[in-house]
C-alpha cells in the first residue's frame, strides 16, 4: 500500500533529501572568523579581573590627612625627639680628668699624702678634700666637745658599786643601798619605792640604813632592777649623760628630769606600785 501511494504521489523513498547549501559571501565569512577569534580571546581572560584605576577622590583624602600631620610637625618645631648618641667611656674619662686638672685637685691629693696642714681655715678654702681627712676632723671635734658620743673610753666613766645582798631567814638585806643612791644623785626613798614596785614586795629601813626586804632575792635580780631605774630616771635621752637632776613641781605634782650638760628637760612617769598578793588566813563562815 505504501509503495502504491508513493508511486501515485511520485515519491521515491530510496532517495535522500538534499540539504540546501548556504551561499557564503567572502566579506561576511571574514567577519565571522574574526568574531570567533575575538570571542575565544575574551573567554581566556574572562577569569581575570581588570585593575581598577584609583579615583582622584582617594588621592584627595590622602592629601587632606597629610596636611594636619604636617601642621603638627611644624607646631612642635624643635620639640621633635632625637636619639641620644651614647658617649664612649674613654671620652667621659678624659673629660673628667681634664676637669680635675682645672680644679687643681691633683695638688691637693699630693699634699694630703705628704702631711695635713695645721690650720683648719686654710683647709676649708681648698677644693676637694679627701673623705678620710674629713672623717678624722669630724671625730677630733666630737671628742673635744662631747667625748661621750664619740664612744671614747678615756672620758668619765659611770660606775656604781654592785649591790650587796644578805640573807636573814625569809628576808633579804640590801646593805649598800645608801651608797648607790648617792652615786646616782637620787633620794634613797625614791629608789626604795621603785625597788618595791618592781619586786612586788615590801620592807623597811633599819637603824644602820640597810633595806630589809620581805622575800628571798639574789644580787643579779637587784642589778637588773637598778639598770632599768638608771635608764628611766637617771640617763638623759638626748645626750646620754648621767649628770641629771630629778625635780618635782608642786603645781601638778609631776616629776621632771633636767640634764645639766645639755639643758634638756623631759617628764618622767610616776612610780606605780606593783601587784601585791594578800597572804593570810581566811575567816571561817
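Keep in mind that glycine also has a Cβ here, set from the backbone N, Cα and C atoms.
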From 55, 118, the one Swiss-Prot labels phosphoserine: 118
Phosphoserine: annotated position in Swiss-Prot, out of 80, 251, 261: 80
Swiss-Prot annotation (region 'Disordered') - matching range among 30-69, 150-189: 30-69
Annotated residue, phosphoserine, per Swiss-Prot; candidates 92, 122, 202, 264: 92
Per-region confidence, the zinc finger (236-262) (mean pLDDT, whole number): 84
